[in-house]
Structures are given as structure tokens and as C-alpha cells.
């Protein structure tokens, strides 16, 4: 039997998603909880491997098991063995050809910026604090140069293991809600650090250091060294993963928190 789970987590206390020796990861913690529920060893496969400090409201995983449990037990039972910063949101049985990563058709991220001279005391680990004023409208306009299928070498980490820098961005929206600036981006997939590298360069436009057209120029150069530094991990959330409807993966609120879909 193959089961898919929707996972939400605060990545602040974890060294990323992927299981690693000698450090605590989200994958390891979830697998240990599921193994307690089944009394067997469980290995999970995820839709997107988030980095250290990155959060998830819409992560999807799957695992294979011969243990039968009511769907509610996969949620409540697993959550009983998890700390408060990881939670199972839903569980469904899926077809044998489903794969959390390879069946996905799109991933969606949101980057949350607290834009104020002074820091916030409310949920400070869930946002990236930038004290200089940002023009969200200019950031949005600049982001439109990145839409479509393009070579994202300028926004790709040096140690990225992907065979190709080509990705297809479906939408990139930047909006302001009070002191918060939200960058919402969806693509078929992302190269390593792509979202945080894009946001870093959009921040240069937002604070007036670079013109809107600079993003177009960066894309054309295909040179990571010309773009801005990678932004902080704590503002980034994996909020949704899209799959073909035949798999029956539930649709839930994207979040985080108050943000509308």
C-alpha cells in the first residue's frame, strides 16, 4: 500500500529536509514518528527538499507500507509522536505509480519579508527582516521578466546538482500587506537556491539600487556572480505542490498563517 501525507513544518530547528548524519532533519524526525505508528521502518519520499531553516505548509510525501491503518490514524497517530513544529495535515491512499517528487507538475513558494526599521517580536523566526524601504510594485514588475521557460543560471547555486538550469516559471507576484512584502512564485521545478537568489536580486530593485530592467539583464548573462546574494532562509515557505487530478491529492489553504490563496 502507498500512502501520501501533507506535511507542515517550521524549519527553524532543523538542518533542512533531507536525512543527514549527526544532525536533525525533518525527514528523519517524520520517519521516526511513522515507524513508531507502524512498528516497522518507514522511509518517506518528498516533493521538494527544503534547505536548513526553510519552512513548509504544503510539503507532500509518500511511503510504502504493508501496515493497514485508518487514514485518521496516519494523521493523529503520527502527530502524537512529533514535536509541535512538524504536523501531518492529511493522509490519502494513492495509486502505486504515484511519486511525491516525480509525479509533481509544479511547486509553489512564498517568501515573507517583514519590512520595517525595527524588528518584530511576533513570529520572528517565520519572516525575513529587511529594514530598508522596499517598493513592492517595482519588485513585481521586475519579476515579470522571469516568466516562462528560461535558463536560470544567474539564479542557480554553484553546487547545484541539476543537469540543466532551464525551468518554467508560471507566475511571480510581489504584493505588500502592511509591513509585510510577499513574493509568491510557482514553477514546474526549481534549481538549488533559485527562489532565494531571485528574491535577493528583486530586493536590489525594491530598494532602488538597481533598475527594473536589471533582472532581465541578469537572466541574459547566465552568470550567478553578477546577481545579488542569497536571501535568508527563514522567510521561505514551500506552500503547495501540484499533481494530476487522478491522484486525488487534497487541496488545502496555502498559508502561511493569514495569507489568502
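Cβ from N, Cα, C; glycine included.
According to Swiss-Prot, the feature active site, nucleophile maps to 51, an assignment based on sequence analysis. Annotation source Swiss-Prot lists substrate binding site at 109, citing sequence analysis.
In the three-state DSSP classification, residue 109 (substrate binding site) falls within a strand. Listed recorded positions: 51, 109. The one with the lowest count of other Cβ atoms within 10 Å of its Cβ is 51.
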